[in-house]
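The structure under discussion appears below in the form of structure tokens.
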Amino acid sequence: MAVPPTVFYTDYGIQLVCALIIVLLNPVTLYRHVKSKAGCGHYSLLLTHIGFHSVFGFFTLIWACTVLLHKAHTICIWTGILHLALHPAIGVVDVFLALDRLISMVFPVHYMMGIRRKLLYSAVLTGSFIYGAFLGVYISTTNDKSHQTITVVNYVSRNLMRRAYILNMLSIAINMVLSVILLFVMWKYYHRSAVDRVRSEKLANSIVLHQTILKFVFWFCPTLLKVISEYGYHINLTSTWGPITITTFLVYIACCSVLYWMRFPLRRDEDDEEALCEG
């Protein structure tokens, strides 16, 4: 069943606008952070998060433009592969971000003594490996015979797309568990006395708290709705609403871009930020 033209242009129009927001705001946030010399410390995983989101936004911008402009199906194949191969990696980096904030609050000394760097390296390497792996396998299983331009699943192995979907759902499940624990720990954390001795820690926790709420609203809930409707009630939402979960996922990332742009520090902290970076 073909997606109605109104739904088609609405979905990809929203994706295009969100991608523009991401591509415009994230580099500004990263540049301002470097210029402010605020240091790394508690912001390291957040900066990694922004980096992966920026790449995803750039590839989405190209993908949405080629689809909306009805370019040749070969161009849509390659832009779609670059776009969707990064999707599983984003979920994994989100897991590391939640884990980073949890460990920083539960084991603050161990966190600054070395766990922070290990989490950072693990997030970058794991995210890059997953992206490279899916990109390579997608390319090797490309089906050039298909001339449909709306879904990448028509171009690559369906079994591979199913595995990518399972990985996405697994990362979402882990994300949900960690996010619930994170919200609970933050609630207890902010009710303790003499906390947040470091301003950067307080700001990083506040940013991740808002990011977690956005994640529940625009990523988890639409995905769960799609899974329940399609596997529980056999209602195919994609055929009537288009790629709705990808669209809401882009809304989540765009909202994160606005959040980071508004909340990231514009100047160097006057506390022990230098000591944190050396840790």
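Every residue, even glycine, has its Cβ placed from backbone N, Cα and C.
TrEMBL lists 12-31, 43-69, 75-99, 119-139, 165-187, 207-228, 240-261 with the feature transmembrane segment.
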Cβ contacts the transmembrane segment (165-187)/the transmembrane segment (75-99), at least three under 8 Å, sequence gap 6 or more: yes
Touch test for the transmembrane segment (240-261) and the transmembrane segment (43-69), at least 3 Cβ pairs under 8 Å: yes
For the transmembrane segment (12-31): best-contacting stretch of 43-69, 119-139, 207-228, by Cβ pairs under 8 Å: 43-69
Positions on the same chain near the transmembrane segment (207-228), where near means CB under 8 A and six or more residues out: 46, 94, 97-98, 101, 169, 172, 175-176, 179, 182-183, 186, 237-238, 244-245, 248-249, 251-252, 255-256, 259-260, 263-264
Residues from the same chain, set at least six apart from the ends of the transmembrane segment (43-69), whose C-beta lies under 8 A from its own: 9, 12-13, 15-16, 18-23, 26-27, 29-30, 33, 75-76, 79-80, 82-83, 86-87, 89-90, 93-94, 96-97, 100-101, 116-117, 119-120, 123-124, 127, 149-150, 200, 204, 207-208, 250, 253-254, 256-257, 260, 264
